[in-house]
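Asks: Take a look at the following structure, please.
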Amino acid sequence: MLRLFVALDLPEDHRRRLYALRDPSWKARWATPDQFHLTLRFLGPVEEDLLPELTRTLAEIEAPAFELAPRGLMVLPSLTRPRVLAAAVDPVPELHALQAEIERRVVDLGFTPEDRPFRPHITLARLKQVPTAAVRSFLQRHRDFALTPFPVRAFHLYESHLHPDGARYEILHRFPLQP
Ligand code: 2AM
């Protein structure tokens, strides 16, 4: 079984800037620069036999390239139960259209439909025991957080390798968007 997800990659400079937000004093696991991505669809464990068909299906998607600008920080699932600290992005119709198309295609292949609404985010940290007050003050301190838009010219199929000290994400396939 392969643990798979479909996601967008980020440029080096944006990774560095996201990593710079890190507060090492928190009881949290901060993502390292090589772990940053924006998930479009978590697929979970997939039989290796399915990989060619999945790849073929994703390669059929015709969607335009677009620009994406990280802006704002958010906490998931909620500020009263802070588990994940993440960066949000400016809403762009192309991002949501791409996510919807991927969802449609993978459901056609037999994956269970995603029942949660798409909340695009780049995970910065998984919080263990960070008091809500500390999270609130972090969000306040970074309330103007924004990065310059970056071009999204492709989406990717990732394999997640789980390790006790954090996941390693490997890009298995690149699917170009239309220029
Ligand atoms: P997260 O960053 O919000 O946790 C690889 O695990 C990627 O898939 C992560 O970006 C993770 O989102 C996302 N993902 C979505 N649903 C998931 C699930 N049920 N289990 C694990 N990861 C999930």
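A Cβ is built for glycine as well, from the same backbone N, Cα and C atoms used for every other residue.
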Asks: For which of the residue intervals 37-40, 57-60, 149-152, 169-172 does TrEMBL record motif 'HXTX 1'?
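Replies: Checking TrEMBL against the ranges 37-40, 57-60, 149-152, 169-172, the motif 'HXTX 1' one is 37-40.
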Asks: May I ask you to indicate which of 1-4, 29-32, 121-124, 153-156 is given in TrEMBL as motif 'HXTX 2'?
Replies: 121-124
Asks: Within the motif 'HXTX 2' (121-124), count helix residues (DSSP H, G, I), strand residues (E, B) and coil residues, in that order.
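Replies: Helix (H, G, I), strand (E, B), coil: 0 helix, 3 strand, 1 coil.
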